[in-house]
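> Feature table excerpt (Swiss-Prot):
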| type | residues | note |
| --- | --- | --- |
| ACT_SITE | ASP67 | active site, proton acceptor |
| BINDING | HIS63, HIS65, HIS145, ASP216 | Zn(2+) 1 binding site |
| BINDING | ASP67, HIS68, ASP216, HIS274 | Zn(2+) 2 binding site |
Amino acid sequence: MEIQFLGTGAGQPAKARNVSSLVLKLLDELNEIWMFDCGEGTQRQILETTIKPRKIRKIFITHLHGDHVFGLPGFLSSRAFQANDEQTDVDIYGPVGIKHLVMASIRTSGAHLPYHIHFHEFDAKHLGKILETDKFMVYAEKLDHTIFCVGYRVVQKDLEGTLDAEKLKAAGLPFGPLFGRVKNGQDVVLEDGTTIIAKDYISAPKKGKVITILGDTRKTDASIRLALGADVLVHESTYSKGDENLARRHGHSTNTEAARVAKAASVKKLLLNHISARFLSHDISRMRDDAQEIFTDVHIVRDLEEVKL
């Protein structure tokens, strides 16, 4: 499992940073990739990666500002050409209006998609758990931006314990169907009368990962709730320390506000994105240092960067 950032800039494309998009690679877990936001030029960014567009099966949109959605119709159209014979449907989750935005573009341009798009729209009254699979759950909660905007909390369900095959062999259990029974939690009685207690040979379940990905937002308690105990928090940092009033006026956060959210939520790692083009390299270093005075494990991400979870 890993996150790859396709665009880490704010507002409009810049030389060093494209606008918002990232993917959560779940290839080992689901053989899928989930995309979060799809700003202008996202499909061009994908060409610089190993991502196969047909593997992108779910797309989560935080809000309908252009720097988060204008790349979506183009990506969906190009995906049809890049999928070859292995066409896979796409589920799109997002605020009410995302279906109209996408379908108006598709119909007006005459694009033909050889796969189906399944839209899952919501408003402020219909949030909470928006998706559950056998391995993951996704929650959405309203943030505090200039338009309706959400953050997402991706929760991996706990992983089953693993079977200690060597310990079983040492206990005298021959390899075969009985191994499967023990793995499934069933006790087994050997020919000599010895009882193999399954739980003694299976490790404890492993806690699943929690990934929180926020859209644009002012500092708000909703961010803390979404991020509580997360392994990774992806938080915007459009402004820097000292610009709190400006950030609030425009519906955004500063680096230090993001750090306070991370600290309050007891997350393990904070990844800052949505970085304004006005910040130069020395500004970025200072932004990181200022945030680290509040929360230690802070990293300001770059376009195409991958973070393993």
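Placed from the backbone N, Cα and C atoms, the Cβ positions cover glycine too.
Where in this structure would I find these features, and how exposed are they?
According to its DSSP assignment, ASP67 (active site, proton acceptor) is helical.
Under 8 Å, Cβ to Cβ, and six or more positions away along its own chain, HIS63 (Zn(2+) 1 binding site) finds GLY94, PRO95, HIS145, ILE147, PHE148, CYS149, VAL150, GLY215, ASP216.
According to its DSSP assignment, HIS274 (Zn(2+) 2 binding site) is coil. A simple way to gauge crowding: the CB of HIS274 (Zn(2+) 2 binding site) has 29 other CB atoms within 10 angstroms, across all the protein chains here.
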> Can you tell me how far the Cα of HIS274 (Zn(2+) 2 binding site) sits from the Cα of ASP67 (active site, proton acceptor), in Å?
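Rounded to a whole number, the Cα-Cα distance is 10 Å.
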> Are there any residues at least 6 positions away along the chain from HIS68 (Zn(2+) 2 binding site) with a Cβ closer than 8 Å to its Cβ? List them or say none.
VAL19, SER20, SER21, ASP37, CYS38, GLY39, ILE61, THR62, GLY215, ASP216
> Looking at the recorded positions ASP67, ASP216, which one has the fewest other Cβ atoms within 10 Å of its own Cβ?
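Sparsest of the recorded positions ASP67, ASP216 by Cβ contacts within 10 Å: ASP67.
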> Around the Zn(2+) 1 site (HIS63, HIS65, HIS145, ASP216), what further same-chain residues have their C-beta within 8 angstroms of the site's C-beta centre?
THR62, LEU64, HIS68, LEU143, THR146, ILE147, CYS149, GLY215, THR217, GLY251
